[in-house]
Amino acid sequence: MAGIIDQDYLQVLPNIKNKLKKFNRLDDSAYDDVITPSSVSGEKKEGDEEKSLEMSETSSPGSSNIMDTLDDLPPGIGQYDDFHTIDWLRDIARDRMRHRHIVKKRQEGCWEQVKGAHDAWSGWVCVLLVGVAAGTCAGIIDIGSSWMSDLKEGVCLEAFWFNREQCCWSGPSLNSTSMNEDSDCDQWYSWGRMMGSGAGGAGSYIIGYLFYILWALLFGVLAALLVRMFAPYACGSGIPEIKTILSGFIIRGYLGKWTLLIKSLGMMLSVAAGLSLGKEGPFVHVACCCGNIFSYLFPKYGRNEAKKREVLSAAAAAGVSVAFGAPIGGVLFSLEEVSYYFPLKTLWRSFFCALIAAFILRSINPFGNDHLVMFSIDYNEPWTLQELIPFILIGALGGLFGKFFIKFNIMWCRYRKMSRLGNYPIFEVLGIVFITALLSYPNPYTRMNSSELIRLLVSRCGPEDDTEICDYKRSSNITDPFKWSALAGAGVGSAVWKLALALIFKMIITIFTFGIKIPAGLFIPSMAVGSIIGRIVGIGVEQLVVNNANSVFFSNICESQGKCIITPGLYAMVGAAAALGGVTRMTVSLVVIMFELTGGLEYIVPMMAAAMTSKWVGDALGRESIYDAHIALNGYPYLDHKEEFTHTTIAADVMRPRYWRYGTGVRNDPPLAVITQDSMTVEETESLLRNTEHNGFPVVVSRESQYLVGFVLRRDLNLAIANARKTSEGVVSNSIIYFTGHVPVDPNGPAPLKLRKILDMAPVTITDQTPMETVVEMFRKLGLRQTLVTHNGRLLGIITKKDVLRHIAQLRNQDPESILFN
């Protein structure tokens, strides 16, 4: 970054020493060196003022190099290394300058006008392509995962590419089809039937059990091997990393082509393995991979990391849109949960991208029911005020589950990282798959796919349902008996016990499953746990009301004939929202997603009450969501903009060098590694690059004055020197490097090297007494990588984003060294 002399001050005020404005920003890295004692002594050596004046004379107000385009610079200048944070201000300023340059060129002819129009609509074209790609990928993944999931239980011999539902209801012998929960249709062959065992016998059950486990192990090991061999970044849900990337962090390869391919295949295999994980969360990662790939077709986004994140925010919205069939919820999810920088135009483009993705998915029709949503409901029975009590109770249980899951999952993931278990990810996957398949097969509610389980639990028992969960003692004398609640039969009691066992199993197994090295997410498992809780509570409330139909408390629920309306499916729907909210701490976007997911417009208030209760209970026990907890576990430099900083520390308490306190005179650290503007040779600069690991260097007027001229990135300096040695004649080791506009001509000396174009002259500084509350807000709202700390215009130290995160961790009594990346 750079220091720049304000020319108005130089022209108006005679006392230059007291009015110089210095700004500087360093790269996001640990910078341990500081300025020498002479630099803060308050003395100004003879000649410094003249050099400062010369610098100001050669710098025009509009000559700051962040306003330069990169077209005339060596390739790679202005880009970022892996695991570095982007400079939002510099990238946004460059884009504005690029836009002004295009507007100016429009006057030169029709071709320039066409190029300007292309630049104007390139953003819309990019998000259009992303939406199409996201919808297509989602359709393929949905169809593939459904087919492979059913493959564990049998195969359609006449058309092996059909899953069980398509085989039975689209087969050639439609009239002879009789599919239900426990029997096969004529076209569908279970593995027991394939092996010649009779349907319903012990032999058929054992054969089906063995094939279920074998297929699950095969799918699990394939998913783990693909991730291990081709795309290590394809594991997990990807949302913690997407949040970190959208905050400005660079993770090369995380959104690449191989990651997209392996993530898509791995999601199908993971879901088919029957693990307590879902494919909906990773859709965000898949869509962002599409966004990253298509952004390179448009240099406006491909060459500007800040602009690229606008496309990625729209892609994240498309990911949730295709995951749940919820375009509006996807936009709100991107705004509330993952995006860091979300201008108004990004809101419009996110909506457009989510709309296109949902349209493409609807055209593919992966669910085969002409519905965009997975859990469409067909009832709209009213709810009453008394039911808010169990709704709030379900919300509290969802918050408790969220805290329970986050705490123990993080404990297990930390143990995995610190123990030898982390060295054997494939064996861990095999172990989890085997245990899951072994224990889930006997219980029909754990054997079935989690999406199918949620669909079953949120639905109403209709006339065609003969499952045990719909075993009610209904009176045939009542018109439309399936609308009214009734006493539960023996099947409902059996279903409640099985659901309770499924609840315990899913709560425990998901803790150990989330985080293993396969592509999978957490949305659907959380919703499955919540829907089980909600359905059990709903059945309990239903039987309480039915058995006390004449009670005054239930007078507005039951009619005079004893007919009562309680919908257990509604409670399951509310429970799914509560559990998902407890784990992710979403609120507004969660309610909208659930509304779009089910189509239950009548039930917005119950879902809002449960979502808010879940968040309040969860935040009372711990404010971190599962994604924030995994960000902290992985040590990503993510500064949460939703957290408040309320401590009374100041910049001098955090800056590097940490020992410095104004007035103490204590100095033990080595001096600051700086580059002078017009006196260092190429050889001296290369030696500085070899002997230090800093990611950037301040450029000063002289070592004695330490007045800032600017800041140059290590990467840019290396590239510029290497390019100059190859392309410029006369540049040798003793050539002087100039960062000034005026370069003196010496006919007897070596050719100078002018590098002013790579100098960043848009610095941000604070004083040593600036409250850290202000500093943290600057880092959050401006997207700073770092800022310099000054006293009376002279450099004292630096505060990087990593320093801020370490300081916050230290104030929370956490290990400050847990921030792993620079």
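Quick reminder: no glycine exception, Cβ is built from N, Cα and C everywhere.
Annotations in TrEMBL come from automatic prediction, not curation.
The compositional bias 'Basic and acidic residues' annotation in TrEMBL covers 42-54.
According to TrEMBL, the compositional bias 'Polar residues' annotation covers 55-67.
Annotated domain 'CBS' per TrEMBL: 668-727 (among others), in sequence order. Across all of the domain 'CBS' (668-727), the predicted model scores a mean pLDDT of 82.
Sequence annotations record features per position, and here TrEMBL assigns domain 'CBS' to 759-817 (among others). Per DSSP, the domain 'CBS' (759-817) is made up of 24 helix, 18 strand, 17 coil.
As annotated by TrEMBL, region 'Disordered' applies to 34-68.
Away from its own ends, the transmembrane segment (121-141) comes close to residues 260, 264, 267-268, 279, 283, 286-287, 290-291, 293-295, 297-298, 300-301, 310-311, 314-315, 318-319, 321-323, 345, 349-350, 352-361, 363-366 of its chain (Cβ-Cβ under 8 Å, at least six residues beyond either end). The transmembrane segment annotation in TrEMBL covers 121-141 (among others).
Beyond the transmembrane segment (202-227), the same-chain residues lying 6 or more positions past its ends with a Cβ under 8 Å from any Cβ of the stretch are 148, 151-153, 190-193, 195, 234-235, 262, 265-266, 269-270, 272-275, 425-426, 429-430, 432-434, 436-438, 441, 447, 516-519. Residues or ranges marked as transmembrane segment in TrEMBL: 202-227 (among others).
When Cβ-Cβ distances below 8 Å are used as the criterion, the transmembrane segment (260-277) is approached by residues 137, 140-141, 144-145, 148-149, 151-152, 212, 215-217, 219-220, 222-223, 226-227, 230-231, 234-235, 238, 285-286, 289-290, 293, 432-433, 436-437, 440, 447, 449-450, 506, 509-510, 513-514, 518-522, 524-525, 528 of the same chain, each at least six residues removed from its ends. What TrEMBL lists as transmembrane segment is 260-277 (among others).
Per TrEMBL, the feature transmembrane segment maps to 283-299 (among others).
Annotation source TrEMBL lists transmembrane segment at 311-335 (among others). For the transmembrane segment (311-335), the residues of the chain that approach it from at least six positions outside its boundaries are 123, 126-127, 130-131, 134-135, 137-139, 242, 245-246, 255, 279-281, 283-288, 290-292, 294-295, 301, 341-342, 346-347, 349-358, 361-362, 371-374, 523, 586, 588-590, 592-597, judged by C-beta separation under 8 angstroms.
Summarising the annotation, TrEMBL assigns transmembrane segment to 388-412 (among others). Non-local neighbours of the transmembrane segment (388-412) in the same chain are 507, 510-512, 514-515, 526, 529-530, 533-534, 537-538, 541, 571, 574-575, 577-585, 606, 609-618, 620-622, 624-626, 629-630, 633; each lies 6+ residues outside the stretch with a CB under 8 Å from one of its CB atoms.
The transmembrane segment annotation in TrEMBL covers 424-441 (among others). A Cβ distance under 8 Å defines the sequence-distant neighbours of the transmembrane segment (424-441), meaning residues of its chain 6+ beyond its ends; these are 208-209, 212-213, 216-217, 219-221, 223-225, 228, 273-276, 416, 447, 505, 509, 512-513, 516-518.
Residues annotated as transmembrane segment in TrEMBL: 495-516 (among others).
The transmembrane segment annotation in TrEMBL covers 522-541 (among others).
Annotated transmembrane segment per TrEMBL: 562-580 (among others), in sequence order. Residues 375, 377, 379, 381-383, 387, 390-391, 394-395, 397-399, 401-402, 454, 457-460, 478, 483-485, 523, 526-535, 537-539, 541-542, 545-546, 549-550, 554, 586, 590-591, 594, 598, 600, 603, 606-607, 610-611, 613-614 of the same chain sit 6 or more residues outside the transmembrane segment (562-580) yet have a Cβ under 8 Å from a Cβ within it.
Positions annotated as transmembrane segment by TrEMBL: 586-605 (among others).
In terms of DSSP helix, strand and coil, the domain 'CBS' (668-727) has 24 helix, 15 strand, 21 coil. Here the transmembrane segment (522-541) has long-range neighbours at 237, 276-281, 323-324, 387, 390, 393-394, 397-398, 401-402, 405, 445, 450-451, 453-454, 457-458, 469, 488, 492, 496, 499-500, 502-503, 506-507, 510, 513-514, 566-580, 582-584, 626, meaning same-chain residues at least 6 beyond its ends whose C-beta is under 8 angstroms from one of its own.
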